[in-house]
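S.K.: Straight from Swiss-Prot, here's the annotation block:
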- 1-89: region 'DNA-binding' (REGION)
- H38, E86, H95, E106: Zn(2+) binding site (BINDING)
- 90-141: region 'Dimerization' (REGION)
- H92, D94, E113, H130: Fe cation binding site (BINDING)
Amino acid sequence: MNKPYTKPDYEQELRRAGVRITRPRRIILNILNETEDHPDALEIFRRAVEEDDSISLSTVYRTIKLLEERGAIHRHAFAGGPSRFEQASGAHHDHIIDMDSGDVVEFHSDKIEKLQEEIARSLGFEIVHHRLELYCKKLKS
């Protein structure tokens, strides 16, 4: 999916907030910045040790917690699996979760967004935030 936005420089934002950017944190930030999938903590750990085998799983968990607290990443708890993560930047999108493979596909639909707004408004509400997850199986050819 082409993303028509520039990802913010979370490293600079974290520095301004007084967070030390260690080599492991930089590696983990880069993994989350460059990925198009939604890795779980173990996958982030696997990718991190490819770059620096001194990074521990506990370092990954602590860094994820810090990044989440600072608003740099979003945690997704898709049904039937571990928490998965993505950078918090960018345009709003929803997710399709392939129930067979666990793959996550991002999508955006103006029709769906408009319909949600209409439904909320008709019931006397204004949407502040929402998250749409569609659990699907691939169509058979």
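Cβ from N, Cα, C; glycine included.
Computed from a predicted structure; not experimentally measured.
Context for these features, please: burial, neighbours, distances.
M.R.: Sorting each residue of the region 'DNA-binding' (1-89) by its DSSP state yields 43 helix, 9 strand, 37 coil.
Cβ neighbours within 10 Å of E86 (Zn(2+) binding site), excluding its own Cβ and spanning all shown chains: 20.
DSSP assignment over the region 'Dimerization' (90-141) gives 13 helix, 13 strand, 26 coil.
Of all Cβ atoms in the protein chains displayed, 11 besides its own lie within 10 Å of the Cβ of H130 (Fe cation binding site).
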S.K.: Other than its own, how many Cβ atoms are within 10 Å of the Cβ belonging to H38 (Zn(2+) binding site)?
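M.R.: Around the Cβ of H38 (Zn(2+) binding site), 22 other Cβ atoms lie within 10 Å.
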S.K.: Can you figure out which of H92, D94, E113, H130 (the binding-site residues) comes closest in space to E106 (Zn(2+) binding site), comparing Cα atoms?
M.R.: D94
